[in-house]
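Here is what TrEMBL says about this protein:
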| type | residues | note |
| --- | --- | --- |
| DOMAIN | 118-298 | domain 'Malic enzyme N-terminal' |
| ACT_SITE | Y141 | active site, proton donor |
| BINDING | R194, N462, N507 | (S)-malate binding site |
| ACT_SITE | K212 | active site, proton acceptor |
| BINDING | E283, D284, D307 | divalent metal cation binding site |
| DOMAIN | 308-576 | domain 'Malic enzyme NAD-binding' |
Amino acid sequence: MSTADKLRRASSLSRILHRRILYQSTRSFTTSEGHRPTIVHKQGLDILHDPWFNKGTAFTMTERDRLELRGLLPPNVMDSEQQIQRFMTDLKRLEKQARDGPSDPNALAKWRILNRLHDRNETMYYKVLINNIEEYAPIVYTPTVGLVCQNYSGLFRRPRGMYFSAEDRGEMMSMVYNWPAEQVDMIVVTDGSRILGLGDLGVHGIGITVGKLDLYVAAAGINPQRVLPVMIDVGTNNEKLLKNPLYLGLQQHRLEGEDYVDVIDEFMEAVYTRWPHVIVQFEDFQSKWAFKLLQRYRNTYRMFNDDVQGTAGVAIAGLLGAVRAQGRPMIDFPKMKIVVAGAGSAGLGVLNAARKTMARMLGNTVTAFDSAQSQFWVVDAQGLITEGRENIDPEAQHFARKIKEMERQGLKEGATLVEVVREVKPDVLLGLSAVGGLFSKEVLEAMKGSTSTRPAIFAMSNPTKNAECTPEDAFSILGENMIFASGSPFNNVEFGNGHVGHCNQGNNMYLFPGIGLGTLLSGTPIVTDGMLQAASECLAAYMSEDEVLKGIIYPPISRIRDITKKIAASVIKEAIEEDLVVGYREMDARELQKLNEEELMKYVENNMWSPEYPTLVYKDD
């Protein structure tokens, strides 16, 4: 290790120790999440116009008097269930009316109506979302959020989140104090350079950060008043946006090199100066920056990259589930042959995580890593990646196949996906390419030669139109005895004989809320590979043996809050194991270490926010 590396490492350790001391010295002693009275410094119409505190017709008469609301609302006091009933009735009636015309899909109409509720009454919005999570998760998140991002300049009505731009250099440290919340637990940030599989959408990318944080609130119970969506606008290389006079972002090409890094560095320093405890999730950064920024910050700040690490964790859970679905123990995972289509940040993130998982199962030796590496064949837009590839991405170098070895298999550099599948006969075909329909009839026909007793197809690219194939495509060619998973939701396939082909949604929403919540409640100053691995294995083990043998390897979205709670607990346990636990609020590290399984689950549950109207107490400034 060079002297410079040693100094950087010492600096990182110093910052981590400082953060641990800061946590222990500033922890507040309060009751469980969602049960504390809320002090407000406003009354009358100001309360009704504030979505954080507005209860609408649910304000009691006592509150109306206390907050000077009497006469500003209809006299009939309604409870939250009555309010939801009114809203849902209106929602069904207004869905069609909310369209801009025949080209405006019904999903986008639903998003508009839900967004208006979000603007008026956050508590009710999240109550509706949680109570109808299966129906509305695809509206606030993938696939509809992709459509929202594509049309964001036209959909923008009022700001939600913060915008930091290249024009704000030198001002970010003061800018963060413009956000009204004194405490922020969770930030999701993007630079808009690679939104889902839709490419560079510039400032429109703010939509994905809002959608992700909606799931942090709904699934993990992060208090919505302590989340912050962030867009870092460094320009866009999308010529269509640059030529659009109505585009809301900077109309300049993207910053590159040190100029780009300087902007991200300034942002990170600013948010961690104001909110030292905050967790930052990086979202939809293009591959060339995703890995670099992750390595730059992960040992200093509480941060992770969902595309690199979250996608990987969900995929690993699914791959382990596919092993179980064959009636084999998860320890057999290192024997699986896997063809991966796609070598972007998500694809390489999955590859690295899968290799580490296999190697750990094989003993974590050099030989184990070599053995694990040999189980993957990676195909990108130029075909099979071998050591003969020129200008190979350094992150993909580990998985480049040896030329002589490929010649013995009848393959060569740049071999097509069909050729690779036909010769390798893989157990799993994993798609993270963002190329809709890539798993063509010819590719799926080649998968019929798989040596697996139950082959698996993972079409993981988002949104729906970018899925490598549909479940109907896969089951119609490979038959009932296969496993199918996708990133976006699809309906199950009915075979007409009483049998069902299960379409498993292997979406990051099963993992990132639990990782964030576990990080928050453990107080760990960094997010380690061990914590991510623990989260992934928890998800893989969640389904019962009967469910897995039926081909169900991911839980239904209706269970999202329960699985998030379990994943958070697994992250906390790993933080304890790695001696990184600090604690949260009244629960310090020593007390946290004493909790048994049941007590730990209760601790997590007590700190999950629920959408119940709090008691509001007015206090004059």
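Backbone N, Cα and C atoms are what each Cβ position is placed from, and that goes for glycine too.
What TrEMBL says about a protein is an automatic prediction, not a curated fact.
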Neighbours of D284 (divalent metal cation binding site) among the binding-site residues R194, N462, N507 (Cα to Cα, within 10 Å): R194
Overall pLDDT of the domain 'Malic enzyme NAD-binding' (308-576), taken as the mean: 94
Lowest local Cβ density among R194, K212, which the record lists as recorded positions, within 10 Å: R194
Using Cα positions only, nearest of the recorded positions to K212 (active site, proton acceptor) (Y141, E283, N462, N507): Y141
Close in space, distant in sequence - N462 ((S)-malate binding site), Cβ under 8 Å, 6 or more apart: T142, P143, G146, L196, G197, A434, G487, S488, N507
C-alpha spacing of E283 (divalent metal cation binding site) relative to Y141 (active site, proton donor), in angstrom: 13
Cβ-Cβ distance under 8 Å to E283 (divalent metal cation binding site), same chain, at least six residues away: V188, V189, T190, I208, T209, K212, N305, D306, D307
Max pairwise CA distance, angstrom, over record-listed (S)-malate binders R194, N462, N507: 17
Additional residues around divalent metal cation, ordered along the sequence, whose Cβ is within 8 Å of the centroid of E283, D284, D307: T190, R194, I195, I208, F282, F285, A290, N305, D306, S345
Cβ neighbour count within 10 Å of D284 (divalent metal cation binding site): 28
